[in-house]
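Inspection log for the structure reproduced underneath, given as structure tokens.
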Amino acid sequence: MSNQTEAEAKKKFSFGDFYKKLGPMVALIVLIVLVSVLNFSFLDPLNLLNLLRQVSVNALIAFGMEFVILTGGIDLSVGAIVALSGAFTAQLVLAGVPTLLSLLIGMLTGAIFGAINGVIIAYGKAAPFIATLATQTILRGATYVFTKGNPITGTKMSNNFGFQFFGQGYLFGIPFPVYIMAIFYICAYILLHRTTFGRKTYALGGNPKAAFVAGVKNNKMIILIYTIAGFLSAVAGAILTSRLASAQPDAGNAYEMDAIAAVVLGGTSLAGGKGRMFGTLIGALIIGVLNNGMNLLGISSFYQQIVKGIVILVAVLLDRKQAKA
Amino acid sequence: MQIDMQHISKSFGSNEVLKDVNFSVKGGEVHALMGENGAGKSTMMNILTGLLEPNSGTILVDGKETHFDNALEAEQHGIAFIHQEMNNFGEMPVLDNMFLNKEIKKGFGLIDNAKMKTIAQKALDQLDMKVDFSQPIGELSVGQQQMIEIAKSLMTDAKIIIMDEPTAALTQDEIQKLFVVIRKLRDQGVGLIYISHRMEELFEIADRVTVMRDGLTINTYNTADTNVKQIVHDMVGRDMGDFYPERHPKYGKTMLEVSGLTNDKFKDVSFSVRSGEVLAFSGLMGAGRTEIMRAIFGIDKLDAGTIKVDGKELVIKNPNDAISHNVGFLTEDRKTEGLILDATLADNIDLPSIDGFSKHGLIDEKADKDFVDMLLKRLNVKANGRDDEAGSLSGGNQQKVVLAKWVGSGSQVLILDEPTRGVDVGAKREIYDLMNELTDRGTAIIMVSSDLDEVLGFSDKIAVVYEGHLMDVVDTKDATQESIMTLATGGKNE
């Protein structure tokens, strides 16, 4: 290749790089401006805080999904994990188990479900899509069995201050789930971008064979990554259960789709190996603003789905175009 | 048919890739095209076959000025280009691959398999080849697939066939078969343009040779009137001295000792390699050399046998175990196992060593960057910097990046599987020099190579594998092409 074409390729590449990094950010800002102009009350601090609280559930799941998708995998079971771990937590709280312990056990079960996904994918050599589709079905079924198809709720939950605080409380005027989201974002960011674990995640997604030859323990990595995804889903599940003061058998239904959408909107490649945690945070915010904005504008929920789908489609097509250029 | 390319120039932007180049080929000759990577060979062939437009110059076909708008037009004029990378669909049957997008149809849009088979068989008959048309093409050997490519060009009634590195992935046996076919085609009046890095093949098969360098055609010779030294000189623009640098080994203690290694690909393999030594592994393709190395490195499983590194017996369950005992392994196929092509050079190079850069759980970015930069410099990798994508580099530089990984991880035992395959002459020499430097500092090197010249030219000892058995380990200075080939084909030297 000539120097000139190399230089050109480099320029193009860095433009693509720019887009990958800042494209989602630009999209978010445009969206915010658009919604604000159409309805001033969007910028009301109360609404913004509410929006952040809404976003926190999806964002937490999406942080885990980011790791999974970076390996070239996918986790369809996260929504079912939200439901079942939430139901466990609710049942424990009702049974009088200390609140903190109930929350921790719920999160631990989420991590275990994730680890099971990982083992099936790593050692069973199963395609992540099918493996997690199966566990999604199993876990959702288990949730219905466990809850007998009815919401788990009771005064022991609605009167439990600590439990209520987890999803509904405010600290210095900011909803508590927003702190949880922020803390896990920082953890996930550091893990992905500042540790050897993160490097190996990228390597695994970029070329699993080469990663293995270079000493990466692929199976161990896969199990850990799905464990993280399961754990973060359970954290999201705990927030959701607390906010609703009940565990719904169909909680978290189709949450995997919003999480995947957030990851993809954030510029992460479904083929694995490319993407950033920051993008996923932005992606989750885009979906949050979209939901919140359309509600404010009084758009019917039926139309909302269509709009959301179109936005995702446009983002993916734009991304493809950049990748090809 | 005769083709004359006259005064061809081609620039990409301000960079001149071809500068007033002349080249000709006529029916009934094999014309070899030699040159380092980037010399302009591919560009010239792409212009000839209509894939690229020249900035100036003319192409004469049988004396008549001709212009091809695209590859299909060139094909219709009887010019076929067999690319180095075959774009076959492995799961698809042979016949479907041969007629992809050129299916012959009967009524109602149905495919006429019978007719296609007849035509394909006719082409294969010319090559004395038999295949099961319904077999998935991916199950054929690379050599057979190459033959299918040639058959495809015969089906289009090609008068000029361009072959780009056709022997890169072939066994010695398959190469000989290919040469028989090439000679046969030549005798039938087909003109062949033969692009290769392998010097010895050139003298075996070519009638004429044109050497290119930096976008210029340096010289065209009748093969009979020239020699290796002349051609290497033309290719690199200077004398290379001896093609292989001399070895002045100083041996230390035994670094790797294996005994009784067995799995389903090889049996009872025992050998050792000392600090400072280059032990070459020779043998035919498929003999099991690569498989032995993969098992030592923990990629494949061993059924029996012991491995001692630096005197300590080890159980190596995965590459991580091997790496932690300072064993490195440059795999045969750098694209699938050696590199993460769309990751940066930095992310590739530090991967085996990354755990060493962890400080309080976080990566020490500065030390990591310095480490990568030092290795890029030391191995003379030609790139813009550590943030280049690995896939954007030339073959030789990619190989240097893989080497940098293993040099950087502090390998005391370095297994190099085909370290110079697909690498141009200049980079080859650099790789040998690096190997010399490493052994001088006490590294033990195992070099698996299918290039017999290389094995004889740059090793201290040669281990020969035949059908999964280690036949013998001989001193390189006592070995000859014949003695190694005898062992490699299962014979015994008296």
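Even glycines carry a Cβ here, placed using N, Cα and C.
Within the listed segments A:202-220, A:259-277, A:278-296, TrEMBL records transmembrane segment for the stretch A:278-296. The stretch from A:60-88, A:100-123, A:278-296 with the most CB pairs below 8 A to the transmembrane segment (A:170-192) is A:60-88. Each of A:21-40, A:223-242, A:278-296 was scored by its Cβ pairs under 8 Å to the transmembrane segment (A:100-123), and the highest score goes to A:223-242. Only sequence-distant pairs (6 or more apart) were considered; of these, fewer than three Cβ pairs between the transmembrane segment (A:60-88) and the transmembrane segment (A:21-40) are under 8 A, so the stretches are not in contact.
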